[in-house]
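Shown next, in structure tokens, is the structure this report addresses.
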């Protein structure tokens, strides 16, 4: 049989050089597809300077979502998501996902960004409106904040500052890193621990009528544990004697003056800002102006971002421009409070009155709860 160069060429095995090229090409193609996938997923979380920002998540916490020229969607609540019924635990899970998304891509987009310890912390109080304030602040382009509550200074302090820093989102020069954990305000060890991290830390406390706050706290607990005792029985050590049980956390948290004394041992009053939980509902833009001034930020989040929903009784968030429907609070927020015996409510008001008076005197502001 004659030798045929043509037939021989059909059976030639590709050289190792060609194999290497094909291998490299496959790797590059895989990396490109992966990066494209990451970018598509990130588009709905990265702050957007256009009004065409894509709404990323549904259902987070205390206030609703917004598509903003200044901040895109920020994990605010959407009442259409059934997962909202999972409550505060869901808020923290979603917040962690947000932080992971932000951290994963921020370094890719800007190598100059890095993780920093927070320069400002929302330290309290539970059921005062801390989630609403955090999400309002996350609309600001100069703020980078953790969505979930780190609980570093009260539960995880033994893990160290490096562990804490790793929880923070990456931020660039000029951006402010923040977190919020409402239990900090009432935990004895926390003021000294934050002071050790940085004596210049700015501290924000969201306060609310302590009686309403206690009932809201109880309502949240009862939604998870329907078989708990009545509010009235938990309020008193001795109901017939009218002796209030100050060991019950729902009562203890509202003794704001007592907790403030510990903070003032480490931080001057100038480094603490007390935000009205009531005004976050009735005048969110006004309270946000105070907060932005306190943090040394431009007044970017304004009345253009808010729309009051009379059915919900809470402000909803909207685009500063455009006709898109505002996003409002979900099912876990604005729960209907149980009917409490008016005599019990009055006894609680009498109990809190001296604490409120002292608190007003200490901070130089009367919230008008009495």
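Keep in mind that glycine also has a Cβ here, set from the backbone N, Cα and C atoms.
Record note: among 62-88, 89-115, 116-142, 62-88 is the stretch given as region 'Disordered' by TrEMBL. In sequence order, 219 make up the list of same-chain residues 6 or more apart from residue 336 (3'-phosphoadenylyl sulfate binding site) whose Cβ falls under 8 Å from its Cβ.
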